[in-house]
Amino acid sequence: MDPVWLAIAFGLGLLVKLIGLPPLVGYLLAGFTLKYFGAESDDLIQSISDLGITLLLFTIGLKLRIKDLLHREIWGGASIHMLLVTLLMAVILFGLSYTSLHIFTDFTWQQALIIGFALSFSSTIYAVKILEEKSELKSAYGVLSIGILIIQDIFAVFYIVLVAGKLPSYWAIGLPVLFVIIRPVLLLILEKIGHGEILILYGFFLAFVVGAELFKFVGLKADLGALVVGILISNHKKAKELADSLMSFKDIFLIGFFLSIGLIGLPSLQMLILALVLAVAINFKVILYFLVLTRFRVRARTSVFTSLALANFSEFGLIVASIAVGKGLIPSDWLVSIAISVAITFIISSPLNSNAHKIYSGIRKYLKKFETDKRLVYDKAFDIGDAEILVFGMGKLGMAVYEQLNRTYGRKVLGLDYNYDVVQRLKKEGKNIQQDDAADSEFWENIFQKSKNHNVRLVMLCMNDHASNLFSVERLKKTPYKGSIAAIARFEDERQQLEKMNVDAVYDIYSEAGFGFANHVCDQINIGCEINKPIW
């Protein structure tokens, strides 16, 4: 890869980050910039892109549970939404065929349906990147979004098999049996392998050899194999550590994917007009997501956040379109127009997702009218009872805070987390835990505005996502709550932001860790040092 390519990708990625957009928008712009100056996509870029997609699906598998896909709102919502969007987009496109755009010459209903189907997909890569950046992959809307995307990917596989006319080999029938046999071995190796680079190498082996190459050998989609293998070992205690260790590699490789979209080709004026029209039509897709999900008893807030995460066209749509072009089902010009529309929707979606909490807060009174009377068990808000101390975020730090306070205050301490599985596991261990999200404006409204009987005097924000901590403080400051607020920060600029918002106590994780370690040593080893007890 030319060093100039890296420089342009880095420069534009940094530029858009400085103006508040995700770096991936800069990578997309870098691809178009390179294409404008005559650059062409090559095998190296495509290989890097494929590596990123394979690692992405493998890490998704590591965090996925099969039973999540069996929820009606996931498989039913995804299927109904794809059908409705396909038909709606087909109608819009066929209506546009009466314009003077040459791309619609001899346009047919069959072509409209194929392109509508391609546009019904949302981007797995984009959604996962956004969810990971916000640390909300395991939130209610994060699980819902990923589940819908997996169902869409399965439809894409069926389409590829049907249209490409290439059936898997007979060996594919034996894959389930093979995986049942080798799964205990894979888990045993993961248990014994330790940490560091050998764990990372094992992750690459699982994703690319056991998953991708094995599926490719039997005539199935390679990256789907990586997803399946990830799911196979997802319940192991080291699955999260493995996923975290691969994250940086995945993010670097995915830069190749975003560059490759821009390098597909520069549009003519008519192609650009069409791409803009398609990008505008994404509004219908978002509205349909919201309407379909609320019919499946999903909260308005969760439905909105899911809809915004999926408010884009997809890389799988490009694959569907490219196969159709290869089979002569649609003109090749459509591939460029769809690629441009994918890029535009990524750019549009970025600020929407960055400001999702604020967007919902502004229009929620209108959206809540669409909620059903009964809602899903994992998507309800719970009562905090007579709790006096609320601890948000049941990660390692949040759990340690909860345990420390629980020794003194007992059941007056309530831990809260948006991850339904984490909440259920901790409840079984006898912990006083409930499911809720500190970034949920409705939570603060229900506790501190609608009810005057709460006993809360301390709120502790221990969430990994700094933006969620900031938004939680902002919402909390708008309520009648007069108690204390404490929050964590990882970096100096984060600490300063929280202090400017008048947070009573800000805990710098890295600075305070040394203080805590020194106190621990003094407590455990008699070397004559003075022990400083933390003050709560």
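Using the three backbone atoms N, Cα and C, a Cβ is placed for every residue, glycine included.
Looking up the ranges 25-43, 44-62, 500-518 in TrEMBL, the one annotated as transmembrane segment turns out to be 44-62. Remark: the transmembrane segment (44-62) makes no contact with the transmembrane segment (334-352), by the rule of 3 or more CB pairs under 8 A.
Note on the transmembrane segment (140-164): residues 60, 63-64, 68-69, 71, 73-75, 77-79, 81-82, 117, 120-122, 124, 127-128, 131, 220-221, 224, 227, 293, 298-299, 301-302, 305-306, 309-310, 314, 316, 319-320, 323-324, 327, 329, 378-379, 418, 420, 437 of its chain, located 6 or more positions outside it, place their CB under 8 angstroms from a CB of the stretch.
Through the fold, the transmembrane segment (108-128) approaches residues 24, 52-53, 56-57, 60, 81-82, 85-91, 93-94, 97, 137, 145-146, 148-149, 152-153, 156, 159, 254, 257, 278, 281, 285, 309-318, 320-321, 324, 329-330, 334, 338, 341-342, 346, 349 of its own chain, all at least 6 residues removed from its boundaries and within a Cβ separation under 8 Å. Each residue in the domain 'RCK N-terminal' (389-506) gets a DSSP state, and the totals come to 56 helix, 24 strand, 38 coil. Contact between the transmembrane segment (272-292) and the transmembrane segment (304-328) is supported by 3 or more Cβ pairs under 8 Å, counting only residues 6 or more apart in sequence. Within the same chain, residues 20-22, 24-25, 28, 31-32, 103, 115, 118-119, 123, 126, 130, 261-262, 264-267, 271-272, 274-276, 278-279, 282, 308, 311-315, 317-318, 321-322, 325, 359 sit at least 6 positions outside the transmembrane segment (334-352) and bring their C-beta atoms closer than 8 Å to a C-beta of that stretch.
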